[in-house]
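Visitor: I'd like to ask you about the structure that follows.
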Amino acid sequence: MRTTISQLKEMKQNKQKIAMLTAYDYPTAQILDKAGIPAILVGDSLGMVVLGYDSTVSVTMEDMLHHLKAVVRGSQKAMVIADMPFMTYHLSPEQALLNAGRFMQEGGAQAVKLEGGVNVADKVKRIVDCGIPVMGHIGLTPQSVNQLSGFKVQGKTLTAALALLEDARALEKAGAFAIVLETMPAELAAMITAAVSIPTIGIGAGENCDGQVQVVSDMLGMFTDFVPKHTKKYADLNGIISKAVSGYVTEVAKGEFPTLKESFTLDKKVLEELKKCVSSEQ
């Protein structure tokens, strides 16, 4: 049985923090699921951390569906939430509904996530009205990074802070079951969390959100080029993997791998007969 919306709402009511991580493949989903993560986000961040794009803007529905299916297959208990890519819900509520439906029918997701507040409330309502759960996302919205002039903290002025509060209320009214609050002052995130009855999931939004989400590649230390301020590295997989690969290369070069332990052998009788056959052909 997977985590339900009701369970997430109960966690907020009971002041139990919600832990969420991204996953993009089968083995990672298995690990997260066994570790007890209640919710897994198949984020469009895969464009940057898996596919090597400069931003999430280039990610397509096909990209997302490919990875979503793997994560669903690799998990049994976690709610799997699929990120709706850039320009897959912006044109109309009908477009949003059709693409959200693909994630549910083809990908096996339990919910979808989309970026925006007041400006996407009509899309959220249309999707929810047809029975598809929606998670909102406000603050720093990566798909709008060009309009926002880069990855910058949002809501730092009175006007901007009030606009984000309005966005959160609009998403709740439209039927969203939770909202991601990204890269905003902790005080503002706390106010938004108190202002809505649905769970808030923070990423760079302080400790007072109802839960937290991180990009799994960041928190596991897969990359050394850039580590977001809001990320805590719980492991150094980049170093561990690099050391392992270097060891493999060295052992192969020296003829130390594989050994008899990693090899398969013929029955002695078969081997002798094979040698006779080969020698008779020469």
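Each Cβ is built from the backbone N, Cα and C atoms, and glycine gets one as well.
Got these off Swiss-Prot a minute ago, pasting:
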- Glu182: active site, proton acceptor (ACT_SITE)
- Asp44, Asp83, Glu115: Mg(2+) binding site (BINDING)
- Asp44, Ser45, Asp83, Lys113: 3-methyl-2-oxobutanoate binding site (BINDING)
Visitor: Checking the contact step here: among the recorded positions Asp83, Glu115, Glu182, which have a Cα within 10 Å of the Cα of Ser45 (3-methyl-2-oxobutanoate binding site)?
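Guide: Correct set: Asp83.
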Visitor: With the cut-off set at 10 Å between Cβ atoms, which of these binding-site residues ends up with the most neighbours? Options: Asp44, Glu115.
Guide: Asp44
Visitor: How many other Cβ atoms are found within 10 Å of the Cβ atom of Asp83 (Mg(2+) binding site), counting all protein chains shown?
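Guide: Summing over all protein chains shown, Asp83 (Mg(2+) binding site) has 30 other Cβ atoms within 10 Å.
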Visitor: Between the Cα atoms of Lys113 (3-methyl-2-oxobutanoate binding site) and Asp44 (Mg(2+) binding site), what distance do you get, rounded to the nearest Å?
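Guide: With distance taken Cα to Cα, Asp44 (Mg(2+) binding site) is 10 Å from Lys113 (3-methyl-2-oxobutanoate binding site).
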Visitor: Spatially, which candidate from the binding-site residues Asp44, Asp83, Glu115 is nearest to the residue listed as 'active site, proton acceptor', comparing Cα atoms?
Guide: Glu115
